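Have a look at the structure below, then the notes.
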Amino acid sequence: MTMEPNSTTSDHILDWLEGSVSFFPSFLDEPCNNSGYIQEYHLWDQYQTDANTGSSPNATNSTTATIVATSATSTTSLEPCGSNNNQPLSDLPKKRNATDESSLKPPQNKNKRIKTRPMNEPENGDAVRKNKKGGAKANGSNCNSGNSKEGRWAEQLLNPCAAAIAGGNVNRVQHLLYVLHELASPTGDPNHRLAAHGLRALTHHLSSSSSSPTSSGTITFASTEPRFFQKSLLKFYEVSPWFSFPNNIANASILQVLAEEANITSRTLHILDIGVSHGVQWPTLLDALSRRSGGPPSVVRLTVVTAENDQNMETPFSKAPPGYNYYPRLLGYAQSININLQINRIENHSLQTLNAQSISASPDEILIVCAQFRLHHLNHNSPDERSEFLKVLRNMEPRGVILSENNTECCCSGCGNFAAGFTRRVEYLWRFLDSTSSAFKGRESDERRVMEGEAAKALTNQREMNEEKEKWCGRMKEAGFAGEVFGEDAVDGGRALLRKYDSNWEMKVEEKNTSVGLWWKGQPVSFCSLWKLDGNDQGGTS
């Protein structure tokens, strides 16, 4: 299926910043900044074509859609907590007024909260810890609840409840569920919200029903209207580096790989997108390609592998709502900056069965794989789908592979019992909720609720099988890849981007400069790594 962009050209992306630059005064002055990440948020407003126009997003089995634009003619502690380690109930937050039994959401006039210290008030008279970056401001939750477990009362209820479930202690389970129900709320500080999401997940686990936990009232990507989904996604990219940072590093890595190739202007750049950006990542890259000193590639092919409906419906951040279609906007923007862009969409196609033929790869093109936050859903036990897929990528002989993943331990049933896995899931969600409180400066917003509801799928999704960075690096090496050192542009650009966010965010360059990590309050969140074919590897095929 072929789609043509709007025939009217638009102003350059820099013109769309008019009236918006004041939001980022210091960042734009940075010598190594990647201003495209600011610009791209305003790109989508330029093309106000309905999100439902163009090709239908409804997937059919192993469907491939081709879309073309041309610049000329447009054809925690991981061990379960025992009861003797639990916080006394007298130390827990004061009981809230009764909540609605069905949704956990309290009435507007009954929204009692725990009285705590102001977010930046020191404990026991200690001085407030200085910001690591002098020019940055720490917003939202900046108390002792980040690096330390102190003050994180929701986990002190959720984790013992999971341990009681695993141990079959019915009385204790009932008691802790009751306390959680009294304290949980979808609004308020991160503890209240974590308690609400955790209570819903535990209830779902105990239920014999196979219905999705997201049907109980939580707002997620799939339940939103396409325009609001787009608005929420762009807002999140503006206020949090959770995804914008790895996307920034990935785009810089693509440019780094491209710079090492010859005859760029007469060749095709083919990007295999196995990610969760839903198009937000690519305007910045297209803009950078249009400004290359030697000119852009003759053709830029973007092959988007969407998440499978049957397998990844509950996978966080991977599925857009029905009707969401960013392709016309992206094609229109590419045309306006003289980039010959082609978009190929592969739907309902399992990652394990991808090959050079299914993505229509050709030997003379520059193939770069961008795999972000999707591969950890592949099984790593028996069968080991994860290692097998990396070998599939190796057999495609890409010029570069960018791997971005959550940097946390696996929480599947094969790597521990229910209590241990649930504790790790709760730890992941705490970091997300705590960081979004800072990102949105503690304000309630529908955009924040959508992102948090989507992240909360990690508590119930059985395909959420993370691995730490070291294990991922080992898998890549076993598959026949060698780590590539990040260039200065990628590292400096990442640091410059991070300066505009809360000072509790931190970037760490690791693994001999072949991995860049994103950390929140001293704890790892994700990593981004760059890989090339290992010249010493003689196998590679399977």
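Glycine residues also receive a Cβ, built from the backbone N, Cα and C atoms like all the rest.
Between the listed ranges 269-273, 304-308, 329-333, Swiss-Prot ties the annotation motif 'VHIID' to 269-273. Break the motif 'VHIID' (269-273) down by DSSP state and the numbers are 0 helix, 5 strand, 0 coil. The average pLDDT the prediction assigns to the motif 'VHIID' (269-273) is 98.
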